[in-house]
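Residues annotated as transmembrane segment in TrEMBL: 115-137, 143-164, 194-214, 290-308, 315-337, 357-379, 391-414, 437-457, 477-498, 504-528, 540-559. Sequence annotations record features per position, and here TrEMBL assigns domain 'Amino acid transporter transmembrane' to 117-229, 283-554.
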Amino acid sequence: CKENCTGNINLIKDVQHFTEHIKISELPQEVESALPFHVEPRNIVDDDPQERVSAEAAILNSRVHYYGRLTGSSDRLLSPPNHVIPGPEEIYVYSPLGTAFKVSGTDHTSRNPSIITIFAIWNTMMGTSILSIPWGIKQAGFTLGILILIFTGLLMLYCCYIVLKSRKAIPYVDTSDWEFPDVCRYYFGKFGQWSSLFFSMVSLIGAMVVYWVLMSNFLFNTGQFIYNYAHNVNMSYSEFGTNGSDKVICPYPNTDPEGNSTISTLYIGNSGNDTDVNSFEHWWSKTNTVPLYLIILLLPLLCFRSASFFARFTFLGTISVVYLITLVTIKAVHLGFHLEFHWFDTTQFYVPEFRLFFPQLTGVLTLAFFIHNCIITLMKSNRHQENNVRDLSVAYLLVGLTYLYVGVLIFAAFPSPPLFKDCIEPNFLDNFPSSDVMVFVARTFLLFQMITVYPLLGYLVRVQMMGQIFGSHYPSFFHVLSLNILIVGAGVLMAKFYPNIGSIIRFSGATCGLALVFVFPALVHMISLKRQGMLRWPSALFHSFLIVLGMANLLAQFFM
C-alpha cells in the first residue's frame, strides 16, 4: 500500500506540473467540452494536507463526463452547455485520488505585462546588425537609406504579423504549442518542415559566423589597447585621421570616390623596443592569429550538454545596446554634424542621397528586423493576448527608432572633411582607434556578451539539427564535436579571409528572409484564405509581390 500511495502522490505531482503549461484560453472549442471540472475554493489543494473533493464537485464531474459520452468531439449538438463548463479562471484538474489542483500561472500570474513583452522583443531583435546600420545607410545614400529603413521595418512587421496569427487559422487542431515550422509542416508537409529548418540554420550559423568575426575584432583591439597602455605606445594616424580627443580614423583610405589612391601614414612612437612591438604584432594579428586563439576558449563551451549557465548572462545584451546608444550620443555631440545634400552626384567627401547599392542595406535590415522564427514563443507569455498585435507593433517601432538613431547620428557626425563618408566601416566601431577609452569599454562589453551568447546559438543549432536528424539533442560527444568543429571552422575562415560583417549579415539575412519572412508567410496566408473561401485577387497580388520582393532582395546581393 505504501508503494501504491507513493506512486499516486507522484502521479498527482506530475499532473500538477503538467497543468502549469496548459493554455486554457488557447484551447479550441472542440476541446472545451472535455475541460476538467470546477470545485469550490475550500476543496483546492495547495501545500496543506490533501482534502477530499466534495459531493457537489463529484456530481459536476460526472455530469461533464456524461455529456462527453453522448457525442464525438466534432459534433457540437450534444456538447455541455456553457453554464456547465466553468470559466478558464475556475478550471481545476481532478486527480484519481479525489483531490483537485487549480490550473493557474499561465493566464495571469506567470504571464508578462505588455511592457515586458515589448522589451523582450526589442532585446531579442537588437543584435550585431546595429553595428552595420550606418554602413548600410552610407551604401544606400542618406535620404534613401532612411526611407528604406522605414519601409523595410513596416514590411517586416506585416510579415511577422502573418506568422503570429498563422497557427490560429488552422481549424480542428490544437495548435497551442506550435511554432512556425509546425505551421509550415501542416501546409507543405515534409518539404515545409525541412526547408524551414534549413533556412533557420542559415540565420543561426550566419549569426555565429558574424559573432566570430566580431569577437576576433574586439579581442584584437582590446589586446592592442592593453599592450599600448602597458608599454606606453602612442599611435597616431597622420593623414586619414582627425585630431583631438575624439579621433576618427579611416582604416582603408583607398575608398576615395575620385579614385585617388592615397596611403595612410602611420606613426608609432614608443619608449620601448621596436623589436618587441614587431613581435607583438606578429603574434597578435586580427586575421592570422586572434581568430585561432578563440578556438581554445569557445570550442569546449560549445560542447556543454546544457546552455542554461550562459542564459543567465543575456542581460548583458541590454547593457551593451544601452551603452552603444550612449556612446553614439556623446560622439555625435562632440563631433557635430557634417552633412551636404547631393542628390545624385558623387563629390570628394560626400555620397549622393540615392545610390544603386541600396540592396546591401535591405539585406542587412532583413536580418536586423528578423524575429519571425521565435515571435510565437515570445507572444505566448503575453498576459493580454488581445494586445499581441499592438505590442508587436510598438516593439517594431522601438527597434526601428533605435536603428534610425544610431545610423543617422553616426552617418551625420562622421567628420567629412577631412575624411570621406565612404570611409564608414561595416562595423562603425572600427572608425575609432583602439586607444579610445569609451570605445574600448564598448568592445569589452560586446566581447564578453558575445562569448556568453555564442554557446547559446550553438546550442540552438545542435538542438534543431540533431533533433531532426538523430532524434536526440545530444546523440554522442563525437557527433556534437564534429558539428561544432564545422561551425567554428566556418567562423575562423571568414575571420581570416573575409572579415566583412556587413556582407555576411546581408547575405545571411537575405537568404533566411527569403523563406521565413517572405515566401512561407505569404503562401501560408494565401492558402489559409483560399481554404476559407476568402482569398481575393488584391490580396493574392500583394502577397505574391512580397514573394517577388524576397527573391529580388536575395538575387541583388550577388550583384553588389
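Cβ from N, Cα, C; glycine included.
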Checklist outcome for this item: With the greatest number of Cβ pairs under 8 Å to the transmembrane segment (477-498), the stretch among 194-214, 290-308, 315-337 is 290-308
Checklist outcome for this item: Among 115-137, 315-337, 357-379, 437-457, 540-559, the most Cβ pairs under 8 Å with the transmembrane segment (391-414) come from 115-137
Checklist entry - Between the stretches 143-164, 290-308, 315-337, 357-379, which wins on the count of C-beta pairs under 8 angstroms to the transmembrane segment (194-214)? => result 357-379
Next on the checklist: Does the transmembrane segment (315-337) come close to the transmembrane segment (115-137), meaning at least 3 CB pairs under 8 Å for residues 6 or more apart?
Outcome noted: yes
Checklist entry - Counting Cβ pairs under 8 Å that sit 6 or more residues apart, are there three or more between the transmembrane segment (504-528) and the transmembrane segment (315-337)? => result no
Checklist entry - Any chance the transmembrane segment (290-308) and the transmembrane segment (437-457) have 3 or more Cβ pairs under 8 A, given the pairs are 6 or more apart in sequence? => result yes
Checklist entry - Most CB pairs under 8 Å with the transmembrane segment (357-379): which of 143-164, 315-337, 437-457? => result 143-164
Checklist entry - Which sequence positions outside the transmembrane segment (143-164), separated from its termini by at least 6 residues, show Cβ-Cβ distances below 8 Å to it? => result 133, 136-137, 180, 341, 343, 353-355, 358, 361-362, 365-366, 369-372, 375-376, 379, 388-389, 392-393, 396, 399-400, 403-404, 407-408, 411, 517-518, 521-522, 524-525, 546, 549
Checklist entry - Which numbers of helix, strand and coil residues does DSSP report for the domain 'Amino acid transporter transmembrane' (117-229)? => result 99 helix, 0 strand, 14 coil
